[in-house]
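First the structure, in the form of structure tokens, and then the observations on it.
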Amino acid sequence: MNFTTPQYFLFFVIVWCVRWTLTAIYPKKNTFVLYFLLLVSYFFYLSWDYRFGILILFTTALDYSVGRALGLQKNLQKRRTLLFLSLLGNLSVLGFFKYFHFFTDSFLILFHSLGWQISAPTLKVILPVGISFYTFQSLSYTIDVYRERIQPEKNFFHYALFLSFFPQLVAGPIVSARILLPALRNMFHWENVPIREGIWLILLGFVKKAVIADRISVISDFAYQFPESVSTLFAWMGVVSYSIQIYCDFSGYTDIAIGSALLLGVRLPENFRLPYIATSFSDFWRRWHISLSGWLRDYLYIPLGGNRINGLITYRNLLITMFLGGLWHGASWNFVIWGFIHGIFLALERYFSDSTSFPRKEGSIPSRGMKFLYQIFVILSVCLIWIFFRSKTFSGSIELLNALFSFRDGIQPTYTMQSHFLTILFLMTLATWIGKKEESSGVFSRFRENLHWSLFAFLSALGFIVGVVLTVETKPFLYFVF
């Protein structure tokens, strides 16, 4: 059930009406609302494929049981064994369904290169939607219980809702139990629900996805599908278009997810914070897919030692974290390369920040100039590194990189493509400027909240209609495959 389809909007309106009707009938009993949300969350997930329900139910039962056992067990060795069972069970399921073909194909290539003719078992494995997201979310719970940061959840159905809450189930944000479990228990009262903010976020996400991401994907899809044939101009347009597409697609999903949850009385954490105004690679990862970055920091980078030891260990930890972060995205060496390159840049950034203070005088013209040039370098590098993320093969990535810098003729973008590209690029620049102003002053939030309801409703309806009219076709969100 795609967020931008009429089916989802009908589904959500029904859920919203029933949810608040239950609150009106049972104002002092939150239990009925929680059970209802659990029921519709499973309905939402099973609408993709009923078989997926078995896996999420297994993860739920496993980690709920481990959490309860950890709460009762004081022996350190037995607690470690329980945590190991959670890690083993979750990562085994994730590894099988997500990486089975990746590892078998990689080993086959290795064996064939050594002259060993070995055949792999024929097995068609379907990747369950959202498995990477809810697996990491569930692991954060057992790890936090093991570390005694939270108490184990006693109610199985409450834990099941924590793991399956439909707005963020399929593609995040990945929310820790420290945040989401209390938020589900203490949902907003009707009078405190930020309705305008919720509607605005849903509308904004819809426009990002339907109006920008899906339309500009025509350019990026062609460039990445035929990297050997496109001209240098087309190649650059394709690279920039995909950078815009993946941001608007993924942040658009997140906006709809957060807006939907808000209207149901639950606030989810933000997942994007204007990543393309980042001033460094570390700043980019503080702004991009914030929930995953936070998960990798809290449950991988810091346990490895973080930056608490010497420089070499810190660089190693950065490389390992980003290597595994790339692998989390998908079963492809291209994702690994994408993550590893980011790890190299993060390590280099850390090295130079530790070893030099140039330019020395903060606020000087050289300082401001160098910072601006470095910011341009960071954003350009991020766009180029996306090539490995988007390309289906390593050879395709190299072919597109060659097209960027060979100044060659080839297939040229049509006039329509160029006009769409320039229009969307202008809109993105304007939106980034607005977002930067909002980040510093919050002026646009105040403007939205002060709008008269009738004008707010009119603008919302107009934006929705424009999105529907301009939509070429409804496409699945890019991160649904992760």
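Placed from the backbone N, Cα and C atoms, the Cβ positions cover glycine too.
What you are looking at is a predicted structure, and each value in this text was computed from that prediction instead of being measured.
Per TrEMBL, the features are as follows:
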type: TRANSMEM; residues: 6-25; note: transmembrane segment
type: TRANSMEM; residues: 32-48; note: transmembrane segment
type: TRANSMEM; residues: 82-102; note: transmembrane segment
type: TRANSMEM; residues: 114-136; note: transmembrane segment
type: TRANSMEM; residues: 156-181; note: transmembrane segment
type: TRANSMEM; residues: 335-352; note: transmembrane segment
type: TRANSMEM; residues: 372-389; note: transmembrane segment
type: TRANSMEM; residues: 415-434; note: transmembrane segment
type: TRANSMEM; residues: 455-472; note: transmembrane segment
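Remote same-chain residues near the transmembrane segment (415-434) are listed as 212, 215-216, 218-219, 237, 240-241, 244, 248, 274, 276-277, 444 (criterion: CB distance under 8 Å, separation of at least six residues from the stretch ends).
If you count C-beta pairs under 8 angstroms between the transmembrane segment (156-181) and each of 6-25, 32-48, 82-102, 335-352, 372-389, the highest count goes to 32-48. Same-chain residues lying 6 or more positions outside the transmembrane segment (335-352) and placing a CB less than 8 Å from one of its CB atoms are 280-282, 285, 307, 311, 314-315, 318-327, 329, 381, 385-386, 388-389, 394, 397.
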